[in-house]
């Protein structure tokens, strides 16, 4: 029987037995252990349980007391990039999980993990079961460098590397222990916050990392790492660097390390920085100080003891990863030397015709994440890698919305995602209030979707199931002096959840 026929039969059953459902729901409790609500309540489905999904849900329930929100997530565990993207040595950023937990435990919210939309249930089926569907599944793809050698052993995307040390399932075998950390020099391509995170993790003292929630296999591999020098490469100049001052300051103050910059990269910067906005000026001034100023006695003593080196390399673009012909693995990267045309944020890198080769055994590309289409029925701009939308309303698709990186592209920090998700929620509420979105007719919501999933052999993980996983991870972490020791496979997560 086709998906649509199954859904149609479930909808007929739901409609014919609605009075029976109402009496049961009035007194009953849903499968997730929460009080169930009237079938006439506006029902919204959110696909993705990262910051965008949770912030959208939070604002919806705050703006409309009657709305019911169901959050569907591919993995058995919630929180998306807060769990799998935020660096392990940034626990303060992860505190937002406390807010998301309150949202998930709200009486009008349900979490369904271990459900892959597009495979276990289609977007069309969700649209028939809910008044509105919000796509917030983030950016799971990588931007390709499109250069020869990027498939060599020893070349990784930052997304894969971050997923490895943060315990993202299916990313645990790629680093093969410490094998690819057996080189002296690593090159990170890109100069945003993720690139700085990668450089910092590669060079951090193990004593700093072992009290974080970094995975044990990653900790062991980094403890055995021979990487002593990390170069952070960007195609433009110091005035265009994309990281924040917080990230740069952490790098500057990282114990056991010292900076290595090229003075020529900063020609004219001291004069130009006087005319830029304050955040950019403070960031650039810290770079200038680090690169050019003679350090004080205390800082010089610290640098003299350093055994590891980091540095920015500006005005350089990768053109080829070079291989050891005997082992087919990375031995160097060839960089084109650029000059800038224009100034400020709009400055453009132009090739000069010069190149240089930098010896390295590890290349990590941090040039951006990329959203992927969910299926052919949902509009998708392949060039921008976003869903075309107006304030979160998906173009030419009534009742369909998007938030987060899927809406804007992979930009900003968690607070940026919060604001863009609130905007999407406001658009949805406006459409409910104005009648553009018809919420007066009853929709079955998770009742029908749960039945479909059961027929397809899919067992969703509820938020209370996640709390079992959370409890086990925290307990394991306590045993080794860490905030948690993450479960690293979906199978292990499901074993704990289904106890």
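Heads up, the Cβ atoms here are built off N, Cα and C, so glycines get one too.
Unlike curated entries, TrEMBL annotations are predicted automatically.
Annotation comment: TrEMBL describes 43-202 as domain 'FAD/NAD(P)-binding'.
Sequence annotations record features per position, and here TrEMBL assigns FAD binding site to 52, 73, 81, 117, 405, 412, 413, 414. Around the Cβ of residue 412 (FAD binding site), the number of neighbouring Cβ atoms within 10 Å comes to 15.
For residue 193 (NADP(+) binding site), other Cβ atoms within 10 Å of its Cβ number 19. If you look up TrEMBL, you'll see 191, 192, 193, 194, 235, 236, 247, 412 marked as NADP(+) binding site.
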Task: Site of maximum Cβ density within 10 Å, from binding-site residues 52, 81, 117, 194, 413 - done: 52
Open item on the list: At 10 angstroms around each C-beta, which of the binding-site residues 235, 236 has the fewest other C-beta atoms nearby?
Closed with: 236
Task: Distance from residue 194 (NADP(+) binding site) back to residue 413 (FAD binding site), taken between C-alpha atoms, in Å - done: 11
Task: Distance from residue 193 (NADP(+) binding site) back to residue 117 (FAD binding site), taken between C-alpha atoms, in Å - done: 30
- [ ] Quick one: give me the count of other CB atoms within 10 A of the CB of residue 247 (NADP(+) binding site).
- [x] 22
